[in-house]
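For reference, the structure discussed in these notes is given below.
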DNA sequence: CTTTTTGCAAACGATTTGCAACAGA
DNA sequence: TCTGTTGCAAATCGTTTGCAAAAAG
């Protein structure tokens, strides 16, 4: 729901470096395009889910998304939300992961460049940063062939302190 | 993500700083002691769970533990396993976390020093290393008050390659 | 002998599935 | 039209809880 007027010069809140180049609307259009490209039909519900994510930088649980959806589509079902979350993250439009406490959350994905997250443990507002520990010289034991990694920093954001 | 080449380096230390100091038996005794210290009674099942973890370096799912337990105590119940896993991780004897795919796993904990994990995506054999990205100079955005972090590297261990 | 722990069964929350009705391309 | 999508209900998975019987200290 883009309920704020198009004022390109004044972002409401700090966008992360992945999406700041794009307005929420552009980002939504981009997501929808990626979905069409993957052969998905664009339904009202999916359009609505897309705008929920393009308007929010941070992670949302399936329940969060459902609650937002219900406001616009009172008859929406939980399984539709789940199904679409799964499809959207399978095709890379959303990024998902399991939080510290194990809860599954989703966030609109940045396909363009590698980064990590700094996450507020209170409001879950998330900012990205480019520093990656894997760029450092570090002597790892055991002769593993390295595939990927996970690095997140948790803290309390300015407005939650 | 940046695909870093597996740098075939020799281990910095020839030992795993967490486990090499103690044999499996010593480690088990240590775990049992910690449990008694916390007011837990040592039952046969708990002794068995402890030795499962002290004999295995790597993460185990509740189901893994249950399957091991059943071999020795055919009438053991799933909830006893869960209850004990939870208590043991609450008192720091076990370390738990949610894997990439969201599955909850447990591992005998190292209480003595901070470290991170290098985990085999195939067999889940885990080695620890002392390098911590938080020791590096990195300017983070957003004025967050930093609380904690998570850093894991995933790969394929030597014997799984 | 007292208190904790166990095993059973049933409850629970989160996620998935089968299927008939419906809607997008 | 014609296939993909929705909503409903029920199934499933992993985990937790209440309680009486059994075991530890």
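Note that the numbers count up from 1, one per residue, in the order the chain is shown.
Just so you know, glycine gets a Cβ as well, placed from its N, Cα and C.
Sequence-distant neighbours of residue B:114 (Fe cation binding site): residues of the same chain at least 6 apart with a C-beta under 8 Å from its C-beta are B:130, B:132. In the three-state DSSP scheme, residue B:114 (Fe cation binding site) is classed as coil. Under the heading Fe cation binding site, TrEMBL lists B:114, B:149.
Within the same chain, residues at least six positions away from residue B:123 (Zn(2+) binding site) with a Cβ under 8 Å of its Cβ are B:58, B:157, B:159, B:160. Classification of residue B:123 (Zn(2+) binding site) by DSSP places it in coil, neither helical nor stranded. Residues or ranges marked as Zn(2+) binding site by TrEMBL: B:120, B:123, B:157, B:160.
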CA pair residue B:120 (Zn(2+) binding site) / residue B:149 (Fe cation binding site), Å rounded to integer, equals 21
Students should find that the binding-site residues B:114, B:149, B:157, B:160 with a Cβ under 8 Å from chain A are B:149, B:157
